[in-house]
Each structure stands twice: as structure tokens, then as C-alpha cells.
Amino acid sequence: MSQTRGKYDFCIGLVLAMSSSIFIGGSFILKKKGLLRLARKGSMRAGQGGHAYLKEWLWWAGLLSMGAGEVANFAAYAFAPATLVTPLGALSVLVSAILSSFFLNEKLNLHGKIGCLLSILGSTVMVIHAPQEEEVETLNEMSHKLGDPGFVVFATLVVIVSLILIFVVGPRHGQTNILVYITICSVIGALSVSCVKGLGIAIKELFAGKPVLKHPLSWILLLSLIVCVSTQINYLNRALDIFNTSIVTPIYYVIFTTSVLTCSAILFKEWQHMAADDIIGTFSGFLTIIVGIFLLHAFKDVNFTLANLPLSLRKDERAANGSLLSTYDCFNHDEESSACLGEIQSTESLSARRNGSLSAF
């Protein structure tokens, strides 16, 4: 019975995590559209510390969409392990990339499509190998986990690093280095996920009729969550306002997911109950997602489609055989004529230079 219940909770958590990714992916687009509208109006930008976005309805629509996604994400953590829920955030990257191609004129090329496919495959592998059992089921157990020396050291380091980035590094390099604001969001996000997990357990106990509201840990977790989420929203807005959405989203996903997986391993110790093949599968799926996201955004400005592939293969084959392009071949293909002529000219110029001809210059 308990095994059946565990699988049922696992499926609920999986559906909620996927729904969360859809809402959050859409929220990035709405927020970016709102910030772009403010920039055209000449308002003080969020990247410069302005808060004019609070008067923009598109930004509020993005915030509500993100709120709906976070609620679904919140509920997912109550049913499924963080090792499963957090990496599925890659789907929000896919949603953001697809929607940005329609609404922000950020085209999705062949590399991007392959990256989307790899991200989906990696997510599937992680779902298959994710742990399906949860150790922490009560607030008392959660309190014991939070008091573990390993987690105390981790949380202290996160707070120290965040304060240094906010008050020392941010004012100097936040406008030019994309990693500053995103790192703040990501490392604090690891703590917010822990708070969400604890509050999810508290809510489940509340519905079971236990006196959760009298437990001080419930209020500590709620207050900590408010502080963490407020900080994340502030610095994520700054990053989105300054840098391209297609760059912010994948970097934020990778750093945030790494932080959460590290926090989960320290706090909940889910990895101790996983078989070796599941651990390898989880890491392989995560690395596949990272490769997919890299392809999705690293070559986003390269105009490469399937139609270009035969031309590239022909050029590679000619280069490998050491054969030179002939003028006849160039003019025999109208679409390739300009490219071929440029290649012929560069080849002739190179030959002339090798022969010491001044005409090459």
C-alpha cells in the first residue's frame, strides 16, 4: 500500500513540476516584454535600480504566471524529491526559448532545436532514475535535518557569498558581468527550495490535523521563504533587464539546479538511498540537459538550417580532397555563386602571397 502511495505521489509531483515549468517559462517572456516597453518609454530601468516595472501590467502578468508556476513547484516538492523536481526546470528553458522566437524575435536555429531535443531526453532520463522515496515526513524530522552541521555550514556559506555579491561585487560589476546577479538568485534559491520543502511538509501535516501552526519552525520557514523569494525576484529582474533572456535563462537554470542538488544532497541525503546506476543515470541526464541548453543558446546567432547542411558537406569534401573550386562550378549554382566567388578570390590571393606577388596586396 505504501509503495502504491509512493508511486501516486511521485506522479503527482511529476505533473506539478512540468506544469510549473510551463508557467515559469512563459513568465520570463512576459516580464521581458514589460521591461522592454518601459525602456522605450524612457523610464529608469530595473538594471539601474529603478522600480517603474511595478506600474507595467505585462510585468505583473509575468509575475502572476511565475507565481502560478511557483505554487505548482511548491506543491511538487511536497510530493516528489527535490532531485526530480528541480532538474525538470529545464522545461521552462525550452518554453522560454520557443516563446521568445515568436514574441521577442529570437530565432530558433538547428542547433537550438537539437538542444531542445537533448534537454527533453535528459529530463526523461532524470525522471526514470530519480529517487521515489522521501525520508522527511514531519516537521520534527525537518528540524533535525536543518540542525545538521553539514547544512549549517552550507547555509552560512550561502549567506556570506550572497552578502558579498550584493554589497561588494554587485555595485561594481553587476552591470557588465552576467554571473553576478544570476549567482545571487541561484545560491539563495537553494535555500528557498529548502524552505518550500519544509512548508510543503507542514501543509501536509496541517491537513492531517496536526498542530503545525504552533510549531515555531513553520513560521521561521515562511519568513525565510519571503526574504529569499523577494531577493531572487529583485536580482532576476535586474539580470533580465540588462542581458538577453536567451542567455539569462540557461545560465540561471544550470547554476540554480547545481545549487539545489548540492543543497538536497546535504540536507535530505537523498543520494544515500540511490543505487549506483540511478546516480549515474541522474548525472548523465543532468549533463545531457546542460549540453542541450548549451547548444540551444551558444549558437543562437548562427544562421544554420538543414538546407545549409549539404553545402557544408560538399565544401568539407572538396577541402579534404584538396581540390579547388572551379569557376564553372560556381556559376553552375546560382545560390552558391557569391560564396564560391569569394572563396576563389581568397584562394587566388593566398596563392599570390605565397609566390611573393605584390598584386595580392
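These residue numbers are counts, starting from 1, taken along the chain as shown.
Placement of Cβ uses the backbone N, Cα and C atoms for every residue, glycine included.
Heads up, TrEMBL stuff is auto-annotated, nobody curated it.
Copied from TrEMBL, the annotated features are:
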TRANSMEM  12-30  transmembrane segment
TRANSMEM  57-79  transmembrane segment
TRANSMEM  85-104  transmembrane segment
TRANSMEM  111-130  transmembrane segment
TRANSMEM  150-171  transmembrane segment
TRANSMEM  178-203  transmembrane segment
TRANSMEM  215-235  transmembrane segment
TRANSMEM  247-267  transmembrane segment
TRANSMEM  279-299  transmembrane segment
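Between the transmembrane segment (111-130) and the transmembrane segment (215-235), fewer than three CB pairs separated by 6 or more residues in sequence fall under 8 Å, so the two stretches do not touch.
With respect to Cβ pairs under 8 Å, the transmembrane segment (57-79) is most closely packed against 12-30, considering the stretches 12-30, 150-171, 247-267. Across 85-104, 150-171, 178-203, 279-299, stretch 178-203 shows the highest tally of CB pairs under 8 A with the transmembrane segment (247-267).
Of the candidate ranges 150-171, 178-203, 279-299, 279-299 has the most C-beta pairs within less than 8 angstroms of the transmembrane segment (85-104).
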